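**Q** If you scroll down you'll find the structure; I have some questions about it.
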Amino acid sequence: MRGARLMGALLALAGLLQGALALRMAAFNIRTFGETKMSNATLSKYIVQILSRYDVAVVQEVRDSHLTAVGKLLDTLNQDDPNAYHYVVSEPLGRSSYKERYLFLFRPDRVSVLDSYQYDDGCEPCGNDTFSREPAIVRFHSPLTEVKEFAVVPLHAAPLDAVAEIDALYDVYLDVQHKWDLEDIVLMGDFNAGCSYVAASQWSSIRLRTNPAFQWLIPDTADTTSTSTHCAYDRIVVAGSQLQHAVVPESAAPFNFQVAYGLSSQLAQAISDHYPVEVTLKRA
């Protein structure tokens, strides 16, 4: 137990030191994030502690139709500084009555939002749309890092459609390129890109994987889950030479908050069944 606590303390210290020197981004699928979770003092405490590590974070599985939980989250993040975090949130997304939002949290003293838009993947009532939850895309200006502008494309893929949705991210990438004349793009989130949802034989049919323009920063061998499974569901993919050069070597990884904070397995899973995946960009 002492060894686990020491490792957790070292991870936390390393995170603080690295965060002071660069820009840290993450994608975090917080299972069923809504009013119930934010009303639980213990769970909300750790969610805020985790998200406070990041300068830019994309939260997935936001189940908050009236943005009440999002408001509570921002109030807590900003309790010591009312401008510590700002946010951009998508409309509720989904083909049925079940809807989720993408939530972008960012520190305005580190980055600013230049533009945003909702990707149009087709007609949902017609049954010819591509994504269960089509990406909402944000373009950031980052004056403190080597790369000054980049876009973030999130995806929470439907598990049974993971192969098709990950492949279709290539089309989203092209759309962002064309719309903003921008090469430096981060695609990240819970792609469900592992275990039974993407077989080894299927990777060759996924353009986002086979095209050498893309660097996959989270390897297939990673475990991004807090449960007993060992699956690399959550990924970070970067495109654009400036952005790829700006990535701090070996900074991309899942953040195991169970180890870092010395939590029980039960509490860790109550926070979420996923760990955040994170990456750090070099300062200019």
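These residue numbers are counts, starting from 1, taken along the chain as shown.
Each residue, glycine too, has its Cβ placed from N, Cα and C.
Quick paste of what Swiss-Prot says about this protein:
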type	residues	note
SIGNAL	1-22	signal peptide
SITE	Glu35	site 'Involved in actin-binding'
CARBOHYD	Asn40	N-linked glycosylation site
SITE	Val89	site 'Involved in actin-binding'
ACT_SITE	Glu100	active site
DISULFID	Cys123-Cys126	disulfide bond
CARBOHYD	Asn128	N-linked glycosylation site
ACT_SITE	His156	active site
DISULFID	Cys195-Cys231	disulfide bond
**Q** Taking each of the glycosylation sites Asn40, Asn128 in turn and counting other Cβ atoms within 10 Å of its Cβ, which one has the fewest?
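**A** Per-residue Cβ counts within 10 Å for the glycosylation sites Asn40, Asn128 bottom out at Asn128.
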**Q** In which DSSP state, out of helix, strand and coil, do we find Cys126 (disulfide bond)?
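**A** Once the DSSP labels are grouped into three classes, Cys126 (disulfide bond) ends up as coil.
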**Q** Spatial neighbours of Glu100 (active site) among the recorded positions Glu35, Asn40, Cys126, His156, Cys195, defined as Cα within 10 A: which are they?
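**A** Checking each Cα against Glu100 (active site), the hits are His156.
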**Q** Relative to the Cβ of Cys123 (disulfide bond), which residues of the same chain, six or more apart in sequence, are found under 8 Å away?
**A** Asp129
**Q** Have a look at the recorded positions Val89, His156, Cys231 and say which one has the shortest Cα distance to Cys126 (disulfide bond).
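**A** Among Val89, His156, Cys231, His156.
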**Q** Calculate the distance in Å between the alpha carbons (Cα) of Val89 (site 'Involved in actin-binding') and His156 (active site), and round it to a whole number.
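**A** Here the two Cα atoms are 14 Å apart.
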**Q** Closest to Glu35 (site 'Involved in actin-binding'): which of the recorded positions Asn128, Cys195, Cys231, going by Cα position?
**A** Cys231
